[in-house]
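Beneath this line is the structure, given in structure tokens, with notes to follow.
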Amino acid sequence: MASLADGGKRRVSYFYEPMIGDYYYGVNQPTKPQRIRVTHNLILSYNLHRHMEINHPDLADASDFEKFHSLEYINFLKSVTPETVTDPHPSVSENLKRFNVDVDWDGPVFHNLFDYCRAYAGGSISAAAKLNRQEADIAINWAGGMHHVKKDKASGFGYVNDVVLAILELLKSFKRVLYIEIGFPHGDEVEEAFKDTDRVMTVSFHKVGDTGDISDYGEGKGQYYSLNAPLKDGLDDFSLRGLFIPVIHRAMEIYEPEVIVLQCGADSLAGDPFGTFNLSIKGHGDCLQYVRSFNVPLMILGGGGYTLPNVARCWCYETAIAVGEQLDNDLPGNDYMKYFRPDYKLHILPTNRQNLNTRLDIITMRETLLAQLSLVMHAPSVPFQDTPSSSQATEAAEVDMEKRNDPRI
């Protein structure tokens, strides 16, 4: 295994849709696509674009979405507008409730909603296709990572599940996909989509909640291929590192994934208004650094994060990790300097929030997850069980998967 200090160069392909920052969830909505534009501007200011390939993603279309989502739901997303939601006809309110759109505060209807879905999901699907063609070692889409969306319901500020769609794309060429996430909430719908297959292993480090219990470990052929680390308030860098490194190290040894998807939700950072963890940007980035060190094809996605300047800081820093560059803590001049007042620094300090995860908690959870991994078949071989029926993967794609050569790593 490569060391944590691995700074070798990788072929990095970065996907960015220039219009992404124009989409607006509405007044008092915490999710702001503008954060992607600010992140991008900071990346340019640090000259990181000189170390990677910049791509405009292909916009996804309805046929892409239907590989996971229901046709009725996608047709609804195509037609709903801020004007139509005010229609008094009972069918309108029924559909809004049915598809969980404009019902709760985390699924508002806004102008050009479907185009927004096409943009952020297109970035993730394009990134997956880039890895499939072996044209990059690392592919990045910070606009992606909407891991809560169900087959026929919006959820968690997302409307289509680009993570599931990207993994389905990767399964056309790669035998085994390891999905890891380090955001604050559990990646419930990614786990749900692949809980009964051995072709995808999911590992989630998240706040303890209604889903993602440590006893939830998959079903059928996917039994033991879902790993969950439900953590308490105040999680700090040291505690996460003590859990993340041994668990991921063992997962890599046992499962031998051919490609990794890392969801880097920034709502696990200290000070996030909806998160109660206490991670620094460096501690968050250390997880990416460790995953990168294995030199396995890697997709990096965004996710949650509701303190805009800290999200931009974090994802810019992690872009630097991806390309193998170190950044000065003093921010360079950029178009959004006002967001970074008063210190204009890259890194943030943890708060004084108490870490409720005791040393014994971390040790116990680590040993439980390592014991679960001992029950996983070592590097399951093709033929695998079929990709979940929700993917509607084509027969041709499965044939391609069987015929492919081992990926370049």
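Note: Cβ is positioned from N, Cα and C throughout, glycine not excepted.
In three-state terms derived from DSSP, His148 (active site, proton donor/acceptor) belongs to neither a helical nor a strand segment and is classed as coil. If you look up Swiss-Prot, you'll see His148 marked as active site, proton donor/acceptor.
Residues or ranges marked as Zn(2+) binding site in Swiss-Prot (evidence: similarity to another entry): Asp267. In the shown protein chains, 24 other C-beta atoms lie within 10 A of the C-beta of Asp267 (Zn(2+) binding site). In this structure, Asp267 (Zn(2+) binding site) is part of a helix by DSSP.
Taken from Swiss-Prot, the feature compositional bias 'Polar residues' applies to 384-394.
The compositional bias 'Basic and acidic residues' feature in Swiss-Prot is assigned to 400-409.
Sequence annotations record features per position, and here Swiss-Prot assigns region 'Histone deacetylase' to 11-324.
If you look up Swiss-Prot, you'll see 383-409 marked as region 'Disordered'.
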Alpha-carbon spacing, His148 (active site, proton donor/acceptor) to Asp267 (Zn(2+) binding site), which is rounded to whole Å: 14
Mean per-residue pLDDT computed across the region 'Histone deacetylase' (11-324): 97
